[in-house]
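**Student:** Before anything else, here's the structure in question.
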Amino acid sequence: MAGINVAAVLSSLLMFSFVSSFGDALSSNYYAKTCPTVDTAVTDTMKSAFNKDKTVAAAILRMHFHDCFIRGCDGSVLLDSAGGNTAEKDGPPNISLHAFYVIDNAKKALEKACPGVVSCADILALAARDAVVLSGGPNWDVPKGRKDGRVSKASETRSLPAPSFNFSQLQQSFSQRGLSLNDLVALSGGHTLGFSHCSSFNSRIHNFDATHDVDPSLRPAFAVSLKRVCPKHNKVKNAGLTMDPSATTFDNTYYKLLLQGNSLFSSDASLLALPKTKGLVNKFANSKQAFKDAFVKSMIKMSSISGGQEVRLNCRVVN
């Protein structure tokens, strides 16, 4: 048996202690008496932003994922770097996150309506739901009652699932957070929205390994199109591709493309490595409703990972 990497195990246990528990105090009616307009205020803010910029939906959904995978769903991704501390939002995987202003605007509206009541973490969870709905996806009641965290470290973003992850790495990342293989496949469907820079899939189309220049799991014609957009010595700063042709519509196209060998990320392609996960990919590719039902269930589960301790008055700074 190979030697155990003690440091890696301890690191995994430490991260698990941050995010393994689920918020048992969460409730759809949490603000029924203290701030009954919370859902409406967040939805109105999201609608306003979405109508001006459709990419806001993918940005907010990704922001919520990245928040929950570090220290739980505690709004720590919203905190600004300060006092010598580099915050999560400035960590390498989060540099491309945007639309923080949407959360700021919703928070301002709620501070006027019910001061000091609604957490930034809850606002982000509600906005992520609205991002899906506005893009044509399913609706659901978001359990509320999260608290905001006081710690945000860029160094911890290294534990986020990377586009280059193989299946084993992906499975470990999700299981450490109490999420199952079903959750992994369903939540990966969030990739139906958004845009990817070349850096996230360059390793699949240039010098893949000692034998192949291109990842052999990619459909050849698709690989050629990727190389055209992202040449080996690319000089276009923001070059990249939308995650699928309907990148502002929440649908099951992602799974269909995956089965065709047209996925951008290695992590996405790895979902075909195991019979169970491949079966789920097939199921979701063949039934939009099955995907939507599974996505809602897994979103509620993921967004219930507990984290914080307070209700921030400003989402960018601790009280």
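Cβ coordinates come from backbone N, Cα and C, glycine included.
TrEMBL: automatically predicted annotations, no manual curation.
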**Student:** When you check TrEMBL, which of Cys230, Cys315 turns out to share a disulphide bond with Cys120?
**Tutor:** Cys315
**Student:** Let me make sure I read this right: TrEMBL says Cys230 forms a disulphide bond with another cysteine. Which one, out of Cys114, Cys198?
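**Tutor:** Checking TrEMBL: disulfide partner of Cys230 resolves to Cys198.
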**Student:** Going by C-alpha positions, which of the binding-site residues (Asp67, Pro161, His191, Asp251) is nearest Cys315 (disulfide bond)?
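**Tutor:** For Cys315 (disulfide bond), the closest Cα among Asp67, Pro161, His191, Asp251 is found at Asp67.
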**Student:** Would you report the average pLDDT that the model assigns to the domain 'Plant heme peroxidase family profile' (25-319)?
**Tutor:** 95
**Student:** What's the number of neighbouring CB atoms sitting within 10 A of the CB on Thr192 (Ca(2+) 2 binding site)?
**Tutor:** 27
**Student:** Which of the recorded positions listed here (His66, Cys114, Thr192, Asp244) have a Cα atom within 10 Å of the Cα of Glu88 (Ca(2+) 1 binding site)?
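**Tutor:** The recorded positions passing the 10 Å Cα test are His66.
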**Student:** Any idea what the Cα distance is from Cys120 (disulfide bond) over to Asp251 (Ca(2+) 2 binding site), rounded to a whole Å?
**Tutor:** 28
